């Protein structure tokens, strides 16, 4: 319970700084909601919210099905079970910083191996981190690559709650694999899907590290999500009250996401 | 009733074997998409890893050659010698201290907390758990930034205790919720029995409950280890001095020096720092997976126990009936039992009685 203080005090402190003038790390006089009005009148904010959404939803759309498919595969694997499982979990065991850097290097237009491949296939070099849209897509895919094992782990747990007898009876009744999956497995893991969506979305909304080591929010702010903006405001622009305001906005988004999810879950279990 | 001979089971045996081979072949064919997916995953997951491994064994000059060579030629251990520096050793020590410290502190706090939250149910503990849940929603970046601003002028920054407390706090919400699922699985009767035998609360927790939740504890410990060891952001923000940075900072440093990118050293350090994670994971894989997958959220189990149980019961009756009607052997133990009992009771070769009703046979097993 002592650990709660580590959250509560900084949260209070963040609110305090958001409502005061700051210069570097000095807290000045009370400013009311100035930093919020500044934040909401900032022309970039809309763009950043869109970026955050594209990033989070995009990564989710990739990671969720991949996680589900790999969980089904791992769950059914008989031979080499451990190796298969380790293979699927490998990206998650690597750190975000490493993953970001490795892919950044892998896609390097001058000497990256991916460039070799695309050149051999007749395309140009993989120059993804210099064009805004491509950079956003790349960062999203890298994040999905790193995070799908988390979805897989959660799905794996849920898949084990599916009673084997039901699957067997489905087979006896002549259902094929897809019908078994749709009518037996899916209803059982519906709740798990909701929780995976929540866990992953929260992860993506707060994602800083992968973006930090690859693009730092560039080029032309195309990959600056809200979390990245918070980091940049704090450690690049030294605008603490601005960072605090953005951080609180981020917190609010997280709370909303969670509440929506909790609502979904309640309905499910009734 | 036990002497009722299911005659056509005997008659079905040859086709049964044929069906078995057919089924085996069917299983092989069904396994094809599974292996295709696995191969595809390997094609997506492995290249960057293989690339790092190969680069770590190259000479400096070869690391950025184009077209890139996948097999280092000549092999060289120079990169591994290159990363053996006093700073890097320090980084490794830092990461180890932080990881072990966080595991110990988190377990000391979270195990009793989760136990209390499970066994002493009241409005207050429920409210507290909700608070814990909400606080895990606080974006990490908010916490680091505020902590940095608060502590940058105090002597607390750049100390092990601070970093350990921060890591513990970040992970403890999840850890408590996770461990609670395990405590819920333990029947209260076991603890009551221990209490009757004269254990006090502490002894019950230490001698009875803890051994039962060991898989959960192992899983969360591995989880915390991976989390702390792989963390980049906390140590970037809250460890400002050189000698307090962690492995991940050390890795990234090789390519953000401003003196050029040392890809070879980077790759070697990635491999070295990945080795402990892999070792811990391989050593505890069984427990980790078991813990991760058995500690599902409560809702799931509610669903499977409440609606699932009823549904399952209904289905299994139907399954038994269907199988019996079709004369499918080996389904839900209806025929296994007969077969196991041998000719004496179960399966006389010649039977004068006609097989019992399908319903009765399904029960006989």
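Each Cβ is built from the backbone N, Cα and C atoms, and glycine gets one as well.
Bear in mind that TrEMBL entries carry predicted annotations, made automatically and left uncurated.
For B:32-53 (among others), the entry in TrEMBL reads transmembrane segment.
According to TrEMBL, the transmembrane segment annotation covers B:91-115 (among others). Residues of the same chain lying 6 or more positions beyond the ends of the transmembrane segment (B:91-115) and with a Cβ under 8 Å from any Cβ of it are 160, 163-165, 167-168, 171-172, 175-180, 182-183, 205, 209-210, 213, 217, 220-221, 224-225, 228-229, 235, 239, 243-250, 272-273.
The domain 'ABC transmembrane type-1' annotation in TrEMBL covers B:92-284.
What TrEMBL records for B:127-150 (among others) is transmembrane segment.
If you look up TrEMBL, you'll see B:162-183 (among others) marked as transmembrane segment.
Sequence-distant contacts of the transmembrane segment (B:204-229) (same chain, six or more residues past either end, CB-CB distance under 8 Å): 95, 98-99, 102-103, 106-107, 110-112, 115, 167, 170-171, 175, 178-179, 181-183, 186, 190-191, 194-195, 247, 273, 276-277, 280-281, 284, 287-288, 290-292, 294-295. Per TrEMBL, the feature transmembrane segment maps to B:204-229 (among others).
What TrEMBL records for B:262-284 (among others) is transmembrane segment.
TrEMBL lists B:298-365 with the feature region 'Disordered'.
Residues or ranges marked as compositional bias 'Basic residues' by TrEMBL: B:309-318.
Annotated compositional bias 'Low complexity' per TrEMBL: B:344-357, in sequence order.
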**Prompt:** Between B:32-53, B:127-150, B:162-183, who has the most Cβ pairs under 8 Å to the transmembrane segment (B:262-284)?
**Reply:** B:32-53
